[in-house]
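Feature list (source: TrEMBL):
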TRANSMEM  50-79  transmembrane segment
TRANSMEM  91-110  transmembrane segment
TRANSMEM  116-135  transmembrane segment
TRANSMEM  144-168  transmembrane segment
TRANSMEM  174-197  transmembrane segment
TRANSMEM  204-222  transmembrane segment
TRANSMEM  228-245  transmembrane segment
TRANSMEM  293-311  transmembrane segment
TRANSMEM  332-351  transmembrane segment
TRANSMEM  363-380  transmembrane segment
TRANSMEM  401-427  transmembrane segment
TRANSMEM  439-462  transmembrane segment
Amino acid sequence: MELMTLLPILGVLLLIIVLKRSPIEAAFFGALSALILWLCDVATPYSQVLAWAIITDTMILFVSVASVIAMGLLLVVLLEKTPTNQAFTSWVGLLNLPKSQSVLLVMLGIAPMLEALTGFGVSLIAIIPILLTLLPKEIALKTALVGMAIMPWGTLGLATVTGASMLGLSAAELGLYSAMVSSPVFMWLALWALSLAKLLDKQALINALMVCVMFVCVLASASKTVGVEIAGVLAGLSVVAYFLLLGKKSPIPKAIWVYAVLFGSVLLLKVVGFLTGWQHWAWQGVQASFKPINSPSIALALTVIVVWWAYRQQYALNAVIHQWLKRAYRPLTTILCFLLMSQIMVKGEFLQGFHQLLNGLPTVAQIPILAMLGAIGGYLTGSNVGGNVLMLPILTDNNPILAAIMNSAAGASALASLPVVAIIAGLAKADTQQEQRLISTALMVAVINTALVAMVGVLLYVGVA
């Protein structure tokens, strides 16, 4: 019977890993199998009260995630018709930095800043042309993976906010611990990329260490104080500012004003929420809650309106809507199905046996298992949010450090997932052999990232405990 309660998760893993089915098909199977098992009284019997709790929390979590994804993808579609992302390529060249510093600027500055603002791999559109001018093609492709390491703070911190909401934790606390747990991932990826490019001399090492320490400090402090929504943006901006001081004086391209509008909108909404008290209003479910004024979706929607108006002559409404729906329906459907599956399994107590098994282990022994499960979720779904939704319900308690380990592991593996590799290969026009080598490298990166997250997670847990 206990094995039956794990069927939805095991089925999802089987469909994606063995049968090579898409995440949307696996998510549909997971939701349907969980629903059937619950109606068959495999775990906690069906009741109207439980059904209402499942539906309510699923819809609250879905609205909080879907509103950001929908607006973010609409902004991505609009930006493709503008010179915004291409402006970075010429600007980096004008700074006249040494090659190692230019690579660090892209990896820990521009890429995290853009990915934290919009998500969905938008940073790759900007950084791959830059990296191709700095490095040989195959090394540039591998280096592009590093720029995605901001995952838990991507799309204005969506994964961390969603994870915190699912577990009833503070997003600020989860963001702080996630920054601590993720810190060695940033460090090793930066050094690995410089080593790949044969740029890792003494000066480059010093620069990399300084930049990584600054990046993590800003990320952690911003997550705790001003919010995870803009922590990744501020961390990336701090690195950009550092290299601006080192480089040749060159004005920031006017074409990137869109990102300034988005950043300003986030800050404005935080101020408005604080002054009016609206930041405390929430759509409250049984366990989940959604605070609209704190959602990045409003800032994204405001930016979409401004961009549409500024470039309205370039857009055909029907074409934009078609592109938007084409891109949005798969991730939104996948997330909805995974959310429904997770809520049925949590509230139906499907994982009771697994929880008892984990509880039989010391917490320190649980950490590598949790890191591995988080990594599997992120890698299979190709999304930090998807990984969290799929695997976070496995947690036996809502300890923020354990949640941060799973959150960080999901992000550290999602950056190396097949969807991300496909985007990189497509943008760089890689051939089949190059793409296969990139897949192998990405898998290696995911494994090392997960091991680092687990090791630091153990040290952090022991130190705090």
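Cβ coordinates come from backbone N, Cα and C, glycine included.
Where the annotation comes from TrEMBL, it is an automatic prediction and has not been curated.
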- Query: Same-chain Cβ contacts of the transmembrane segment (401-427) under 8 Å, 6 or more residues past its ends?
  - Reply: 121, 124-125, 128, 141, 144-145, 148-149, 151-152, 154, 159-160, 163-164, 167, 169, 174, 177-178, 180-182, 185, 363, 366-367, 370-384, 386-388, 391-392, 394-395, 434-435, 438-439, 442-443, 445-446, 449-450, 452-454, 457, 460-461, 464
- Message: Within the same chain, where does the transmembrane segment (116-135) have neighbours whose Cβ lies under 8 angstroms from its own Cβ atoms, ignoring anything closer than 6 residues to its ends? I mean 6 or more beyond.
- Response: 69, 72-73, 75-76, 79-80, 85-86, 88-89, 92-93, 99, 102-103, 106, 110, 141, 143-144, 147-148, 150, 153-158, 197, 230-233, 235-236, 259, 262-263, 300, 420, 423-424, 427-428
- Query: Would the transmembrane segment (439-462) count as touching the transmembrane segment (293-311), if touching means at least three Cβ pairs under 8 Å and pairs must be 6 or more apart in sequence?
  - Reply: no
- Message: With a cut-off of 8 Å between Cβ atoms, can you find at least three pairs linking the transmembrane segment (50-79) to the transmembrane segment (204-222)? Only pairs 6 or more residues apart in sequence count.
- Response: no
- In the same chain, residues at least 6 away from the ends of the transmembrane segment (293-311) whose Cβ sits under 8 Å of its Cβ atoms read 64, 67-68, 70-72, 74-75, 78-79, 81-82, 118, 155-158, 227, 229, 258, 261-262, 265-266, 268-270, 272-273, 278-279, 281
